[in-house]
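Positions annotated as domain 'ABC transmembrane type-2' by TrEMBL: B:23-254. According to TrEMBL, the feature transmembrane segment maps to B:33-52, B:64-85, B:105-135, B:142-167, B:173-195, B:232-251.
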Amino acid sequence: MNGLEVRGLSYRYGPRQALKEVSFSVPKGRFCALLGPNGAGKSTLFNLLTALFTAPEGQIMVAGVNLSQEPRRALARMGVVFQQPTLDLDLTVRRNMLYFAALHGISGSEAARRCDAALEQLGMGERAAETVRALNGGHRRRMEIARALIHRPEVLLLDEPTVGLDAASRAAITDHVHALADQGLSVLWATHLTDEVQDNDLTLLLHKGVLLAQDTAANLRQDQSLQDAFLRLTGGAVQEHGGGGLR
Amino acid sequence: MNWTIALAAILHREALRFVGQRGRFVAALVRPLVWLFVFAAGFRAALGLSITPPYQTYITYETYIVPGLCGMILLFNGMQSSLSLVYDREMGSMRLLLTAPLPRWWLLFCKLLAGTLVSLLQCAAFLAIAALWGIRLPLSGYLLALPALALSGLMLGALGLMLSSFIRQLENFAGVMNFVIFPMFFLSSALYPLWKMAEASPRLRDLCNLNPFTHAVELIRFALYGQVNLTAALWVSLALAGFGAAALWGYDPARGVQNRKGQGG
């Protein structure tokens, strides 16, 4: 069974088509990179995947549950790391985790146990009583990822999770999430940075609301760097639009 | 079960944030206190008040505007807590909230209740200071004011929630001040009784009568003297239902609330 399956998803903002018949799937235990320049439609796709909007056309299945028919069951199977920071800076690390756990119906000793385990896994156990403000950007992100896993989802969505981080933190977080995928999680990772994608990751190339390509990164790039392949594929599309000849 | 766990967590979070941000608390108190100590003192001489219910004797102007200033606290707080949802600062936490596996109306209601709770704490502090200043009310008044303030706070919070989902232009607080808070506050019985307003212009009085904030203030005013103003309670409840329904409609995912706010890309 696929962790995440999207079929024929389209969305418009008034006259502007933001997504056009997007279909893809992320199998269990795979890391899938959603690669696209700014304005490609990544944020729209995330808003649809997290049920912040609903799309009139298309279907989203989360771990076998239809998002539009049973949104709550689907959301319970999904962990999300948003692009915007979602932590309360003046509350402690533990309090932030417990708040999230409660939103997912986990409370009491079970919540405390899961929070401690999640923090322990990050090597942050002794910082649980500190306020989030005292953490650096990399740690805050890692904490948001750990928090998104508290309710044991099957699918993890991350919307440009490395924005604003230094190179070392970026690499650490990218590796960490790849390891999570190896443990059986289906991961969808949106980014515009090609160096976060590894060769055997599934890669979706989104440009102007259309999926231009979906394959492993190795197959997409062939003997080029992924960056060059990315520019070749999107640059081609720009010409097609600009020249108006091929479409 | 999950519903109450989430409710408790949302209320707890708001309470912790409230305790943590003492500056916000003080700032919210300073506003009505300036009105009470400065504005009302200056106005006292200029305005003569006759005896109208719920008052049974001549009252000072300070005494008259206390319920209105409670309303002001609720109004500012309701707008602030609801509209902060659409500002960037709170955008992330709103998303976090809305992706919880619970019905959206329940999540929004929890948020509304949490904001109202903070307003109530501020009103309590304000009434305490007013009592120290010499404006004391009957004990039954303080008790009855609690549900009146809660109902009014919910209504004004729902108004803010509705605005946050609909109106794109109100993206900064100054706009809200000019187009919502000031008209609502001044076109009400908060600062002057409606019969006084009618002397100036009957049409203005009619406008004030339509303003749900007027009814919120009157509900609080009567409650503070241990009386129930049923008409006002009905008006406030109706407004709460209307604003609440509109807010829910505005936050319907099929309509894509946030997409009109430049979140698309």
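One-based numbering along the chain as shown.
Using N, Cα and C of the backbone, Cβ positions are placed for all residues, glycine too.
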Task: Count the CB pairs under 8 A between the transmembrane segment (B:232-251) and each of B:64-85, B:105-135, B:142-167, B:173-195, then give me the winner.
output: B:142-167
Statement: Comparing B:64-85, B:105-135, B:142-167 for Cβ pairs under 8 Å with the transmembrane segment (B:173-195), the winner is B:64-85
Statement: For the transmembrane segment (B:142-167), the distant same-chain contacts (Cβ-Cβ under 8 Å, at least six residues beyond its ends) come to 70-71, 74-75, 77-83, 85-86, 108, 111-113, 115-116, 119-120, 123, 127, 176, 180, 212-213, 216-217, 219-220, 222-224, 226-228, 233, 236-237, 239-240, 243-244, 246-247, 250-251, 257
